[in-house]
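Chemist: This is the structure I want to talk about, given as structure tokens.
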Amino acid sequence: MDNVLPGDSDLFPNISTNSSESNQFVQPAWQIVLWAAAYTVIVVTSVVGNVVVMWIILAHKRMRTVTNYFLVNLAFAEASMAAFNTVVNFTYAVHNEWYYGLFYCKFHNFFPIAAVFASIYSMTAVAFDRYMAIIHPLQPRLSATATKVVIFVIWVLALLLAFPQGYYSTTETMPGRVVCMIEWPEHPNRTYEKAYHICVTVLIYFLPLLVIGYAYTVVGITLWASEIPGDSSDRYHEQVSAKRKVVKMMIVVVCTFAICWLPFHVFFLLPYINPDLYVKKFIQQVYLAIMWLAMSSTMYNPIIYCCLNDRFRLGFKHAFRCCPFISAGDYEGLEMKSTRYLQTQGSVYKVSRLETTISTVVGAHEDEAEEGPKATPSSLDLTSNGSSRSNSKTMTESSSFYSNMLA
């Protein structure tokens, strides 16, 4: 994401308002090379990683779940932002000259807001889906059609939020160069501009992060506190360990997003408090570093999936099997694990009325098996119904599939 808040002309006032001065932000060649290498890492890692994530989900039928469709949307938004905006924003920040014309100036300021909105609200949808599956397992789940409708609505809202910044973007010719800037309607104290920037910051950072944090906190506490009375088997402890891994993964995802984007939003809100800070020469290096950190958020999710989820790890190994230092692994596991689980589920379904209810809950969440937390409703329901040790053991056998996948 680039000019989500003030445009570069607002960030570096002298490049658009003082045409008689030379460009004080010109960098030595060695600095440009280092920054170019750093931004290249983001583009390559993000585009390749997120494309592989989309392939893993869309090319394997058992991976096409409600949650994973949101992950596809998240991966698409992040890969698109890395591909279409990172390099352009880097060259503009380094040279302070716009080479790409009026249309791309508007797109350059418009698309990042839409992409970040789609990304964070895809994460929010995943958090809500997790919350409902674990805290309210008997409530109806989203269908595939409803999931696609939600994704469509997310993008419509994203485009509407981004429209003003794209609409008011324009290019202006200065002596010796062209700049891309945002010309907001004139109003005392820049009221429209401030209101829009604050609104964007709240909607694409603070509000969704608050919702995600609450949902995952409740889910994490519920998972951590869940116990099965009378069952102290090794398999039970494996399940507890798997649940803790899921909680750690949630914390990693949320904290990664928060850490990457917080400096960016603070940086672009500071002009309203101390505008003189942004005419200092060192501010360009600060801006490049903060923008790199924010843009790097697009490349971390594939790494997190690969490290913390067995199915994604298998998919990545297969995608990069041509590399001499990567073993292909059990690629058939992407499909076969679900088949084996269906057989286990069938045996559980026939045991008793109580276990019929339990297996129905598990069956409703079978499509989420690859992500782990969906195993929780079965164990939680088992605790609340006070089932016997034999019932608990039977349930442990079926839900151990989830534990094995997250081990």
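All residue numbers here begin at 1 and follow the chain in the order shown.
Cβ from N, Cα, C; glycine included.
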Chemist: On the question of membrane sidedness, does Swiss-Prot assign LEU223 and LYS280 the same topological domain?
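Modeler: LYS280 and LEU223, as annotated in Swiss-Prot, occupy opposite sides of the membrane (different topological domains).
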Chemist: Which of the listed positions, ASN189, ASN385, does Swiss-Prot note as N-linked glycosylation site?
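Modeler: Going through ASN189, ASN385 one by one, Swiss-Prot annotates ASN189 as N-linked glycosylation site.
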Chemist: Taking the Cβ of each of the recorded positions and counting other Cβ atoms inside 10 Å, which one has the highest number: CYS105, CYS322?
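Modeler: Sorting the candidates by Cβ neighbours within 10 Å, the top entry is CYS105.
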Chemist: Specify the nearest of the recorded positions ASN89, ASN189, CYS322 to CYS180 (disulfide bond), where nearness means the distance between Cα atoms.
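Modeler: So, of the listed recorded positions, the one sitting closest to CYS180 (disulfide bond) is ASN89.
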Chemist: Between ASN189 (N-linked glycosylation site) and ASN89 (N-linked glycosylation site), how many Å separate their Cα atoms?
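Modeler: ASN89 (N-linked glycosylation site) has its Cα 28 Å from the Cα of ASN189 (N-linked glycosylation site).
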Chemist: Is it the case that the transmembrane segment (32-54) and the transmembrane segment (284-308) have 3 or more CB pairs under 8 Å, with pairs at least 6 apart in sequence?
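Modeler: The transmembrane segment (284-308) and the transmembrane segment (32-54): touching, yes.
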Chemist: Quick one: find which recorded stretch in 65-86, 249-270, 284-308 has the most Cβ pairs under 8 Å with the transmembrane segment (195-219).
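Modeler: Counting Cβ pairs under 8 Å, the winner is 249-270.
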Chemist: List nothing but the one residue from ASN89, ASN189 whose Cβ has the fewest other Cβ atoms within 10 Å; the candidates are the glycosylation sites.
Modeler: ASN189
